Amino acid sequence: MEVVEVLHMNGGNGDSSYANNSLVQQKVILMTKPITEQAMIDLYSSLFPETLCIADLGCSLGANTFLVVSQLVKIVEKERKKHGFKSPEFYFHFNDLPGNDFNTLFQSLGAFQEDLRKHIGESFGPCFFSGVPGSFYTRLFPSKSLHFVYSSYSLMWLSQVPNGIENNKGNIYMARTSPLSVIKAYYKQYEIDFSNFLKYRSEELMKGGKMVLTLLGRESEDPTSKECCYIWELLAMALNKLVEEGLIKEEKVDAFNIPQYTPSPAEVKYIVEKEGSFTINRLETSRVHWNASNNEKNGGYNVSRCMRAVAEPLLVSHFDKELMDLVFHKYEEIISDCMSKEKTEFINVIVSLTKIN
């Protein structure tokens, strides 16, 4: 499985689309706004650029993408008015892997711009937008061309499934029953990927440029702790139930692994300091409930829909597409039972960085 070819959120605007099932991600963007705001204020008030070049890496599609744009424009507009400056030109780069539904994203752009003008007037901008398909573990932009990089709920995804994890049988991710060699392989791949990410962004950002990165993570130093692995363990349970029913072959489940690593703040700090291109301004964690909806009665349904929007393309690349409704029905039942018995939360790691040279 080539991750770059199959990793993307469900496109379009249907029942299983990411656009209609990304409330958790929206809440996280709103929760991290104070950190984003401070980073952008510090950047703008130190450089006062006439053109502000911003990249959203792992932008996906839907309202959340435009929520980020709206936040950043409003922050800059408020700050430039304090100094009596003319509004800068804004140049937003939307980056994601080639399978992302860029068509749906850009079809929504006109309505978003009109709505933004209604809220903050005509005096800002102009705004320019471009789509940049490709892996953010490679170079994406010209040298020293960016002022600000933003990424939310993307950097936990790996560039590939780690090598040497063939013995992770019965699991689809790191789990309490995973051999130590599997845990080490996942961390090794994460360290390689995140180091490359920092290296390439340091080449693309100008001196003093900022990054605000939010990713799924954990507070525990145990990479198999429930706070980061449990959601995937429950999906593995759903798949294994279909194995028991003879609908999926056991070896198919054994051969499937999620290309993701959810780091601790200490791991993020270690890799940033080891790579050496950035200083850490803030490094924090936050929590958000699996069920971001206020509708508690349908918690299992809401969470399974959210996870389907995220994971279905990966699953379809390996399993029969016709089984997806059944897989996520089983998953919903398992999640509902789990949520009735215990507290279920995602842990977010947020880091604000400044490029040194």
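Backbone N, Cα and C define each Cβ position, glycine as well.
Annotated S-adenosyl-L-homocysteine binding site per Swiss-Prot: TYR18, CYS59, ASN64, ASP96, LEU97, SER135, PHE136, in sequence order, evidence recorded as similarity to another entry. Its own atom aside, the Cβ of ASP96 (S-adenosyl-L-homocysteine binding site) has 26 Cβ atoms within 10 angstroms in the protein chains shown.
Within 10 Å of the Cβ of GLN260 (benzoate binding site) there are 24 other Cβ atoms, across all protein chains. According to DSSP, GLN260 (benzoate binding site) is assigned to a strand segment. According to Swiss-Prot, the benzoate binding site annotation covers GLN25, TRP157, GLN260, on the basis of similarity to another entry.
Note: ASN168 (Mg(2+) binding site) has non-local neighbours MET174, ALA175, SER178, PRO179, VAL182, ASP254, ASN257, i.e. same-chain residues 6+ apart with C-beta under 8 A of its own C-beta. The Mg(2+) binding site annotation in Swiss-Prot covers ASN168, ASP254, PHE256, ASN257 and is backed by similarity to another entry.
The site 'Involved in substrate discrimination' feature in Swiss-Prot is assigned to TYR150; the stated evidence is similarity to another entry. Take the CB of TYR150 (site 'Involved in substrate discrimination') and look out to 10 A: across all protein chains shown you find 26 other CB atoms.
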Tell me, by DSSP, whether GLN25 (benzoate binding site) is helix, strand or coil? helix
For ASN64 (S-adenosyl-L-homocysteine binding site), what is the tally of other C-beta atoms lying within 10 angstroms of its C-beta? 22
